[in-house]
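Record features, source TrEMBL:
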- Asp10, Ser11, Tyr42, Gly43, Asn74, Thr75, Thr184, His185: substrate binding site (BINDING)
- Cys73: active site, proton donor/acceptor (ACT_SITE)
- Cys183: active site, proton donor/acceptor (ACT_SITE)
Amino acid sequence: MDNRPIGFLDSGVGGLTVVRELLRQLPHEEVVYIGDSKRAPYGPRSAEQIRTFTWEMVQFLLTKNVKMIVFACNTATAVAWEEVKSKLDIPVLGVILPGSSAAIKNTASGDIGVIGTEMTIASDIYREKITDLAPQMNVHSLACPRFVPLVEANEMTSSLAKKVVYETLSPMVGQVDTLVLGCTHYPLLRPIIQNVMGKKVRLIDSGAECVRDISVLLNYFDINHQRDKQTRNHQFYTTANRDSFKAIAEKWLQLPVSVEHVEI
Ligand code: DGL
């Protein structure tokens, strides 16, 4: 048993999609979340910058005495997960492996689409992981650089969002039976993405898939939070505007959250 919180990091509000799934599957756990919205999006940045910013978030989470760190960001996972994982003595999880396995499990045709930020797609890490596990898979990748700014601006249902998603995804329509949402911001656009791709396409939420791995690791290391009746004191931090983060977080998580601004 270990009653310390689990640390989550993301370039902004995207990692909340992982937290929502954590609170659903593992409601006794406690969360410390850092979103670097001030410097989002990370996708168009250099690998060096993303590595530096990710380490800053990791250092911040370590000051909060976390028992595990979850990279609730595909871009940070693609660039810095291996390095951070090898340097820390607590478990560090990313979102890319769980998303890849889920896609393989779900596809019938073998045609898997992957959408993500410029960096995630340029790294080709999903194709690598998917074809490493199952070489017969055909991976179609597409960068969607306009999605994250829409989500950070709380524009998840606007007509601009519908237009951007439609225009961006049209090359993918009809090509795949399974689509990996390879950026944790994208599940916030899920209804529009599903609408454009068609009802039959299975959408894989890489962040939600990663919660199963969190659960496995908590059991393996025997570090589950005590299952008592006390309320959990989740902590949310943003490097940008508190109110805007709070509005998105409360709507998405369906609970009141207290958010603090922090400089890292
Ligand atoms: N949520 C991050 C991801 O999963 C978004 C990265 C960005 O800020 O561009 O990739």
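Glycine residues also receive a Cβ, built from the backbone N, Cα and C atoms like all the rest.
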Largest pairwise Cα distance, Å, within the listed substrate binders Asp10, Ser11, Tyr42, Gly43, Asn74, Thr75, Thr184, His185? 12
Would you list, in sequence order, the residues of this chain other than Asp10, Ser11, Tyr42, Gly43, Asn74, Thr75, Thr184, His185 that have their CB within 8 A of the centroid of the site's CB atoms, where the site is the one recorded for substrate? Gly12, Gly14, Gly15, Ala40, Pro41, Cys73, Ala76, Thr117, Thr120, Val148, Cys183
Hey, what's the Cβ neighbour count for Thr184 (substrate binding site) at 10 Å? 35
Nonlocal residues around His185 (substrate binding site), in sequence order (Cβ under 8 Å, 6 or more apart): Gly12, Val13, Gly14, Thr17, Phe147, Val148, Val151, Glu152
If you count Cβ atoms within 10 Å of the Cβ of Cys73 (active site, proton donor/acceptor), leaving out that atom itself, what do you get? 35
Distant-in-sequence Cβ neighbours of Tyr42 (substrate binding site), under 8 Å, six or more positions away: Ser11, Asp36, Gln49, Ile50, Phe53, Cys73, Thr75, Ala76, Thr117, Met119
Taking the Cβ of Cys183 (active site, proton donor/acceptor) as the centre, how many other Cβ atoms fall within a 10 Å radius? 33
Around Thr75 (substrate binding site), how many other CB atoms lie within 10 A of its CB? 34
Cys183 (active site, proton donor/acceptor) sits from Asn74 (substrate binding site) (Cα to Cα, rounded, in Å) at a distance of 5
Measure from the Cβ of Gly43 (substrate binding site) and count the other Cβ atoms within 10 Å, all protein chains considered. 25
Could you tell me which of these binding-site residues, Ser11, Asn74, has the greatest number of Cβ atoms within 10 Å of its own Cβ? Asn74
Might you list, by sequence position, any residue in that chain lying six or more from Asp10 (substrate binding site) with a Cβ less than 8 Å away from its Cβ? Leu16, Val18, Tyr33, Ile34, Gly35, Asp36, Ala72, Cys73, Ala76, Thr184
